[in-house]
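Visitor: Structure below; questions to follow.
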Amino acid sequence: TPLGPARSLPQSFLLKCLEQVRKIQADGAELQERLCATHKLCHPEELVLLGHSLGIPQAPLSSCSSQSLQLTSCLDQLHGGLFLYQGLLQALAGISPELAPTLDTLQLDVTDFATNIWLQMEDLGVAPAVQPTQGTMPTFTSAFQRRAGGVLVASQLQRFLGLAYRGLRYLAEP
């Protein structure tokens, strides 16, 4: 069954993951709130076209839905997605001095979560032979693009984490 190895995930790992997801969601929400309050960029849906023109990629997480949950590919997609968001958050560097600490915290928490997933994949013997490499990241040429990118990346990260949280909770059920 696709769920077979899921039951071998340590409960402590799952609980730590759920805690990390909640922390990153709080960090992301803070970034979104500050971009809204400071720069009046409050509606990611209004920036979708700009996101396409900037080439902001999205991370899939289809292997973690409860209907098609497959542990190895779910962990792989989760790690790959977090790795993608690490790169996107780095691309936002210089967004604004007042947002830098929030962005730094978000980056560190995403990196910690990605590392946690990778170590668990190694423990299970399912980690790829090499760590993924960062693809082409968008280049933000103006302060507005960087701030709009921040809204879009934070919004996409929240959606990604929502899916991750549901998948992990499903795995954590006895």
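Using N, Cα and C of the backbone, Cβ positions are placed for all residues, glycine too.
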Visitor: Cys74 has a disulfide partner in Swiss-Prot; which of Cys42, Cys64 is it?
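Guide: Answer per the record: Cys64.
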Visitor: I'm trying to understand the geometry here, so how far is the Cα atom of Cys64 (disulfide bond) from the Cα atom of Cys42 (disulfide bond), in Å to the nearest whole number?
Guide: 29
Visitor: Looking at the disulfide-bonded residues Cys36, Cys42, Cys74, which sits with the largest number of other Cβ atoms within 10 Å of its Cβ?
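Guide: Going through Cys36, Cys42, Cys74 one by one, the largest Cβ count within 10 Å is at Cys74.
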